[in-house]
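A.B. asks: Quick one: structure below, then a few questions.
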Amino acid sequence: MEFSVKSGSPEKQRSACVVVGVFEPRRLSPVAEQLDKISDGYISSLLRRGDLEGKPGQMLLLHQVPGVLSERVLLVGCGKERELDERQYKQIINKTITTLNETGSMEAVCFLTELHVKGRDTYWKVRQAVETTKAGLYSFDQFKTNKAEPRRPLRKLVFNVPTRRELTIGEKAIAHGLAVAKGVRVCRDVANMPPNVCNPAYLASQARRLADAFDNITTKVIGEQEMAELGMNSYLAVARGSDNEAMMAIIEYKGHPDAKPIVLVGKGLTFDSGGISIKPAEGMDEMKYDMGGAASVLGTMHALAQLQLPINVIGVLAGCENMPGGNAYRPGDILTSMSGQTIEVLNTDAEGRLVLCDALTYVDRFDPETVIDVATLTGACIIALGHHTTGLLANHNPLAHELLNASEQAGDRAWRLPLFDEYQEQLESPFADMANIGGRPAGTITAAAFLSRFTKKYNWAHLDIAGTAWKSGKEKGSTGRPVPLLTQFLLNRSGVVIEEKE
């Protein structure tokens, strides 16, 4: 798919299709009014007949509109003009792309980016249109023998901006949107892979492929032997029941000669059976998504490589598989972590934190500016926040605020939960320094409280994506989140000016 921006009048576009908005009740947008005027009232007469009300998602495809050079005009219902918000805008774009793909129009000029969206500017509208378009066209069908493809798919999309002085910001929005979309696609592809393909070695191979493609990226992979030498006994315990070797890939992006790195750590449980504390059979297939954190870090590193930002970033993919077996770790085991702290295992299905605690200890050697871990960590986060919002906890208020700001800018929402000292009491163990679970109350918070014991030397934030990393049901599959949030955070950290409020 090719994207571009231009500034021009709708009636002068020589295109397979021009896309304009119609508001409820049967009110033409300013651009649609221009087409109506040049067509001598042709469009408004259709609306008066009741062909289109303008409700959100309604579509009306017109052919050979009088006075218009374009072959087709697609009227898109946008709802009530004053109520057009971010969510509705993205839904409208998504429905528009689906419709265009079915019309046989291989290219189109879209004027929906001129609509007024509350609190959002041209940059945001163009970038979100790019990201939404790419997400809407995504499919994971490489294991299907019969692939359904449109007869004449949409190949080129031009977004119109109101003035020529906005062309530069529109081009920047496309570049940023394509980078985020690339990262999201990588994340979705890797996460959707079946666990008999995507094991820790596969994750590591994807990290190496990225390094092979860019001169300023290097990748190192640590296997179980080196982990043992480093004392990563907590990480290794989780891997003991599986025949697939645990591997931790460290991807280093160098965009600045001497800046301290931002470190992203992704939980990479390529399959989580629960171990000895085994999960129910129903829905266990979705535990291939327990590496969603690592997939999102890999995707973010791809987006970063596309953007070539002037910062240093290290992405860690903590790959592992949690399986039952004769050598698997057990409830009651006491583990000595890389930090030297001891952990009593009360539940082997609380394994993500046991992998992450050693990974978080390991990254201290990089003298990081900031560390952010990303993990499908707790079912409790789904109970608290559902499937729309990522859980955020942090030991540093400015970092938490940065991430919340990035989440709002990117449309990839997060919500901060508290991390008060009182929650630490739930992790007390009579036999070790701590237990690996803290009981049913505040499960997301106690999981983060556990991790916070290994992050005292640097500014740290934790993103719990258990509810947002994938969808179940008829839309089953990875969402690619929180790649947009993380990429926006890196854009902001690099000093790129990308959005101005209207």
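The backbone N, Cα and C atoms fix where each Cβ goes, glycine too.
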A.B. asks: Considering the Mn(2+) 1 binding residues D349, E351 given in Swiss-Prot, which of D258, D272, D433 is annotated for that site as well?
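C.D. replies: Swiss-Prot names D272 for this Mn(2+) 1 site.
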A.B. asks: Going by Swiss-Prot, K267, D272, E351 bind Mn(2+) 2; tell me which of D290, D333, D367 is listed for that site too.
C.D. replies: D290
A.B. asks: Could you check which of the recorded positions K267, D272, K279, D290 is the closest Cα neighbour of R353 (active site)?
C.D. replies: K267
A.B. asks: Just to confirm: which same-chain residues, 6+ apart in sequence, have a Cβ under 8 Å from the Cβ of E351 (Mn(2+) 2 binding site)?
C.D. replies: V238, L269, D272, G275, C320, N322
A.B. asks: Would you say which of the recorded positions K267, K279, R353 has the most Cβ atoms within 10 Å of its own Cβ?
C.D. replies: K267
A.B. asks: Taking the center of the Cβ atoms of K267, D272, D290, E351 at the recorded Mn(2+) 2 site, which other residues in this chain have a Cβ no more than 8 Å from that point?
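C.D. replies: Near the Mn(2+) 2 site, the remaining chain residues are V238, G268, L269, M287, M291, C320, N322, G352, V355, A375, T376.
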A.B. asks: Which three-state DSSP class does R353 (active site) fall into?
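C.D. replies: Where R353 (active site) sits, the three-state DSSP reduction gives helix.
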A.B. asks: How many other Cβ atoms sit within 10 Å of the Cβ of D290 (Mn(2+) 2 binding site)?
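C.D. replies: There are 28 of them.
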A.B. asks: Measuring CA to CA, name the entry from the binding-site residues K267, D290, D349 that ends up nearest K279 (active site).
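C.D. replies: Nearest listed residue in space: D349.
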A.B. asks: Out of these binding-site residues, D272, D349, which one has the fewest other C-beta atoms within 10 Å of its own C-beta?
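C.D. replies: It is D349 that, of the binding-site residues D272, D349, has the fewest other Cβ atoms within 10 Å.
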